[in-house]
Structure formats: C-alpha cells, structure tokens
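In what follows, a structure is listed as structure tokens, so that the remarks can point back to it.
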Amino acid sequence: EENGHRNKRSKKEADEEDVDDQNKKLPKRKIVLLMAYSGKGYHGMQRNTGSSQFKTIEDDLVCALVQSGCIPENHGEDMKKMSFQRCARTDKGVSAAGQIVSLKVRLIDDILEKINNHLPSHIRILGLKRVTGGFNSKNKCDARTYSYMLPTFAFAHKDHDVQEEVYRLDKETLGKVNQLLGCYKGTHNFHNFTSQKGPRDPSAKRYIMEMYCGEPFVRESMEFAVIRVKGQSFMMHQIRKMIGLVIAIVKGYAAESVIERSWGEEKVDVPKAPGLGLVLERVHFEKYNRRFGNDGLHEPLEWTEEEEKIAVFKEQYIYPTIIDTEREEKSMANWLNTLSIHDFNSSAVGMQADNKNSKNSSDLEGSDGCDDDSD
C-alpha cells in the first residue's frame, strides 16, 4: 500500500514536470494584458522588489504569472528579463478598470484562465493581445482616461446646511461644475497642480482633451456622480487637484478667477481632493493602432469585446469599494471640512495647510501618476 501511494504521488509529480518541460519549450512572445483591479489595501500598482512590507498589485500579478507557468521564476525576481512595463503607475488605493501591461510570456494553453486561477478575485486579467516585439505599453500610450467618483454633496454651497444622505445635485449646479471643468481643456501650465514642478519647467505643460461630470445617480440612498478626464499624461496628484479646485469654487471658498491665475508663474494654493474615487478607466494607443492595428499580423489595441466584462468588474469590485469606504471613513466629508483653512488669495499660508492636511489625509492616498513624473 505504501509503495502504491508513493507511485501515485510520483505519477502526479511526473505529470507536473512534463507540463513544466512543455512550457519551457514554448517560445516567448510579446503580449499585452488588460487588467482590472480594486486598489484598496494595496500600495499602488508598481512592484517594489525586495520590499515585502508594502504589497502592490504587481506582487500578486507576478506571483500568478510564475505559478501559471507563463514566465520562469527568475523573471519574477528580475522583471526586466520579461521586458515588463505597466502603462500607468496608479498609486496607493487607486483602482483600475483598463490598465495595460506589456511583457514577454510563454503562450501556454488557456493562459488567461490559468493566470486568473492564481489571482485574488479583485484582480482580473480580462484580455490578451499579441503586439510587436519592441512594444512598450508606457511609451506607446497616447492618452489616459481616468474617472473620479464622488458623492454629490461635495458640490453643495458652504453656506447651506446639507444633509449628506438627502442632498441631490440640481441641473444648474451640474452646469456650473461642467463649465469649470471645461476650463482645463487644452494645453496649460499645471505646475500649481503638482508638488514636483516649478513654473518654468516645460514638462509642467499638459494637454487635456476632455473633462466633464456625468449625470448623478443614487447608490444606497446616497447620490454620486462620476467626473471623466482624458489627457496625454498626468503628473502626480494633478487630477485630484484639478477636481479639488473646482469643488472649492462651486462651494464658494474660491473665486472662479483662481483657475486662470493658476496657469501663471505665481504659486497658488490648490487643494487636493481625496484619493478614494480615482479609477484608471482606459489607456489609448491611437498611433500604434494606425500603424500596426491593420497590418494583418497584429490586432488593434481596442477592447470592445471586453467592455461587458469591464462593466461587470466595476459593479462588483470598484464601485462598492468606493461607496462602502466613503460611508465608513467619510473621506470626502472630512476633506471638505479642511477647505476653509486654505487661502486662495495669498499662497503661502494655504500651501502650508495643504501640506499638513495631505499628510493627515485618509490612508487611501491615490495618485494619478502615470508617467515619469509620477511617484
């Protein structure tokens, strides 16, 4: 009996070794993976090799790639060996519905299913496409679209006594919000919307293609709205500060002229909205698609067939996390109470207040960094 048991176990081990050997013989190919994840509890997307203290999305992803047999174990330790590149470096607590990573893998059978089997349910690989050998998901990306989901009581005027649960955004206020968000469109010097750039730094100029707030909707008796912004690239905290300033103006803390003033060289105090609610919606590869999308060898990097899976994931994992965390931690309500500390006329006092508040803000620090400037 003992020998029989040992033989069974040996057969199982032998089968696993056969699969491993077959995998090793497969040629490596450059692909992109379409990822969705809920960022709560993670210290951002990017892996910090050698630091197990701060868990990131990539830690779980690399682990699943190794366990599924897509990449050798040593590629997990040194990600350059698989030419790994993420399109956007989402920060602590920030979620994604359409993150793209590029890497070289062995194209094993049922690859998506096998990777997902080794991932937690709040991280999913929703799609895969072959790409050109030199493809780099960060460098080839033309634009990123982010969304920011927030409770609409954020737009209630400061002089009104607001009950958060019963507040409903009227059409006039939504129109005002969209008029202000529209001011960001085009190319502007956004040095006041990040802590990292001086007014004469050429890289502080950024191009915003669209920015608007959609129609409000009610979830669990609280009304929410989603702001969408598409731009070529964003600096650290840029989106949160763009939204923070619009909220401050609509609430009556700051004059509308502050937006225009922020493009100038003067240092302007711009408040930073909470990280909760920020989601990387999708990344765009228009130039790549024009050149290679219809060459007969490669598919365009568009994800029409995956749209339904993306929508289901958001409903299951991203929106409930934002709503539940807002209800429990009141990150928006607490942040709104700090707006009165800011001085929108003279910058120095307000800047100190903003720095102090950002250090004390919710544990869900989120950053919109998605290029070299991000943290």
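Even glycines carry a Cβ here, placed using N, Cα and C.
What you are looking at is a predicted structure, and each value in this text was computed from that prediction instead of being measured.
Feature annotation from TrEMBL assigns compositional bias 'Basic residues' to 1-11.
Annotation source TrEMBL lists region 'Disordered' at 1-23 (among others).
The active site, nucleophile feature in TrEMBL is assigned to Asp91. Within 10 Å of the Cβ of Asp91 (active site, nucleophile) there are 25 other Cβ atoms, across all protein chains.
According to TrEMBL, the feature substrate binding site maps to Tyr146.
Taken from TrEMBL, the feature domain 'Pseudouridine synthase I TruA alpha/beta' covers 184-286. Over the domain 'Pseudouridine synthase I TruA alpha/beta' (184-286) the predicted model carries a mean pLDDT of 95.
According to TrEMBL, the feature compositional bias 'Polar residues' maps to 351-364.
Look at TrEMBL and you will find 351-375 (among others) tagged as region 'Disordered'.
Positions annotated as compositional bias 'Acidic residues' by TrEMBL: 365-375.
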